[in-house]
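Encoded as structure tokens, the structure appears first; notes follow it.
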Amino acid sequence: MRIATGILAAGLVAGLSTAALADGWYVGADTGLNLVPAQKYKTAAGKQKVSTDPGFGLLGNAGYDFGSIRLEGEMGWRYNGINKVNGSGGDGNFQPADLMVNALYDFHNSTAWTPYVGVGVGGVDTFANKVRNSTTLTNDSDIAFAYQGIAGLSYALNSNLSVNGEYRYMRTLDNSFNSDTGSNGMAGDVKGPYQAHSILVGFTYKFDAPAAAPAPMAAPVPAPVAAPAPAPVHHMTQAVIAKSYLVFFDFDKSNITPEAQKIINQAAANAKASRATNLHLIGHTDAVGSEKYNMALSLRRANAVKAALVELGIPADDISVVGKGKTDPLVPTKDGVREAQNRRVQILL
């Protein structure tokens, strides 16, 4: 039975990996405390109550983020030692391995914190490893249908990496474990569900990392028509100087990154070389958060670029600032979607 679970797991991972680098795909891992409530198992000799010690769990997942809704496949393994069987000292352990499909909903807002809830269904191969007190109750494994509920909170460290804490409740339908003839004076099956409360911490990595800030978007002025006399040198200089630059920002941030500073340095140098007296800054955000919050964020970004230009010697009176919020995306997306190319300030000379 455990081999069957392995085959199913391999198939799921293979299916997910075919598009692992597409926009919206992510992977994650979690670990933490696993608590199994005391459970009564039905046997030929009556009900047998099994209690466990606190244990731990390890989970891995891969899925696709559609914006507010995520779909993912999950593989997990848990371990809990047996504490008591029918009130007396027990031995052995439970080692369930699960393969689940989860649907989650993210409550995006104007901060880096994102609450989420979810549900999942799948199968759990529960290994009851030498569960016993004075004699063995069972030493078998069984696969059963399982369902779970999920509630958590994630924090975005940047546009790709987030850390999360979550609670999960998992329960299976009845397992049917074999019991050796004569074990505890009974023969036949040991039946009962597996259930667990898990408190986990982990991380999620999204494969939509923005590329390094692109080179300035050039909008060259057409070269002047040649005249009998040599054209003035400053006209030739203006013809090759870029007039538009894009400065990109991290998620929910307005600080200038080293890559952004390079673009600002180039814009300032070219503004001086072309003797530009009017620099226009337009701030933008992605689609996460309210219009009011994003309008303020776009203005903070534009003003951060203005401050950097002033430090480089551009007169403040020569710089105008406008915020667009999330109303003018470079890459159109649905509301609530994080898109690195939309978190920007455009500099126009």
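Counting starts with 1 at the first residue shown.
Every residue, even glycine, has its Cβ placed from backbone N, Cα and C.
TrEMBL lists 236-349 with the feature domain 'OmpA-like'.
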Mean per-residue pLDDT computed across the domain 'OmpA-like' (236-349): 89
The domain 'OmpA-like' (236-349): DSSP-derived helix, strand, coil residue counts: 47 helix, 20 strand, 47 coil
